[in-house]
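Engineer: Sharing a structure here in structure tokens format.
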Amino acid sequence: MNSSYNSTALAASPVTDLVLSINVPYMVAELVIAALSTVGNLLVCLAVGLNRKMHTVTNYFLVSLAVADACVGGVAIPCAILTDMGIPRHNLYPCLLMLSVLIMLTESSIFSLLAVAVERYLAIFLPFRYQTLMTPRNALLVILVTWVLSFLIGLVPLMGWHKTPPETGYCFFVFVVDMTYMVYFNFFGCVLAPLVIMFLIYARIFAVVKRQARRIAADRVQGEAQAKRAASMRSEAKTAASLFLVLFLFTVCWIPLHIINCFLLLCPSCAVPLPLLLTAIILSHANSAVNPFLYAYKMKAFRRSFKAIFLCCRFGADQDDRTEDGDTTTHRS
């Protein structure tokens, strides 16, 4: 296999070289990630579905994120493996659809993370209006809108914004997907902009929570109401920190691949080391597998639910609603 990736040179390569360039370790890694993503995120959905105490607006958005990640493992990664082998051949629109699946699911993940950030912002800055604004019905409506927008953004290549397919007819990403779409529309407009907004939201949340915590700590005479307010702020801060970590890992996993796409667009004759490209692709797909582990580690409610599922236990009424360690059972619907 060639040790570097160059879109111009790749387009001129013999078909036999392309077909023989299948990387078995890469495909094995993809299949492992696909299995972990599918099983882990279905477990997240099951944990929320079976435990009524976890039926919160925050968790509804996390379930939407988990559905997207499960689909990455069950649908997008198998499609990516097939297109890595040039399949389907001489069939442009099924090819574009398969290549667009991961874009759709990535957008759904981003919009779910944005919904979580906005929901946390409302919970902290508008606590008295939160229950009115963030009803289960409104949450489901937001989820529906995010999925519709994600599909529309992902389907843009099918609407005509794509390259003319080569005569060989092989379905390779670089042959049919226009990098101007991937960089200017998808990355700058639909990935980077929401990420910047989310980081600003969390920065605002952490700044205000820290300031209020200092104010409460400075008040030496604390009544019962003040003590409850302090405990609530600590709980909100831990929840926000756990959810921010989900966002941070998403950014770390996806930004390298988008940077490579920018490099390929701005310098099409430049070579990208193939191991670097494959590592970036695997890293982006691996993000779909890490969230269930993060929930189990950082969120006590998920940890209890996972344990109950594995032990085949009934979700009993004795499970409390404490919110330590980033528990997300606050504001139950």
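Cβ from N, Cα, C; glycine included.
Unlike curated records, TrEMBL annotations are generated automatically.
The domain 'G-protein coupled receptors family 1 profile' feature in TrEMBL is assigned to 40-295. Annotated transmembrane segment per TrEMBL: 26-48, 60-83, 95-118, 139-161, 181-205, 243-266, 272-297, in sequence order.
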Engineer: For the transmembrane segment (181-205), give me same-chain residues lying six or more residues beyond its boundaries with a C-beta closer than 8 angstroms to one of its C-beta atoms, as numbers and ranges.
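Structural biologist: Non-local partners: 103, 106-107, 110-111, 113-114, 117-118, 120-121, 124, 153, 156-157, 161-162, 240, 244, 247, 251, 254, 258, 261-262, 265.
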Engineer: Using a Cβ-Cβ cut-off of under 8 Å, list the residues of the same chain that are 6+ residues beyond the ends of the transmembrane segment (272-297) and lie near it.
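Structural biologist: Here the qualifying positions are 1-6, 23, 26, 29-30, 33-34, 36-37, 40-41, 43-44, 62, 65-66, 68-70, 72-73, 76-77, 80, 109, 242, 245-246, 249-250, 253-254, 256-257, 260, 263-264, 303, 306.
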Engineer: Going along the chain, which residues at least six beyond the ends of the transmembrane segment (243-266) come within the CB cut-off of under 8 Å?
Structural biologist: 7, 58, 65, 106, 109-110, 113, 116-117, 120, 174, 179-180, 182-183, 187, 191-192, 195, 198-199, 202, 206, 272, 276-277, 279-281, 283-284, 286-287, 290-291, 294, 298, 326
Engineer: Six or more residues out from either end of the transmembrane segment (60-83), which same-chain residues have a Cβ under 8 Å from its Cβ atoms?
Structural biologist: 27, 30-31, 33-42, 44-45, 48-49, 95, 98-99, 101-102, 105-106, 108-109, 112-113, 115-116, 119, 136, 139-140, 142-143, 146-147, 150, 171-173, 246, 281, 285, 287-289, 291-292, 295, 328
Engineer: Give me the mean pLDDT over the domain 'G-protein coupled receptors family 1 profile' (40-295), rounded to a whole number.
Structural biologist: 89
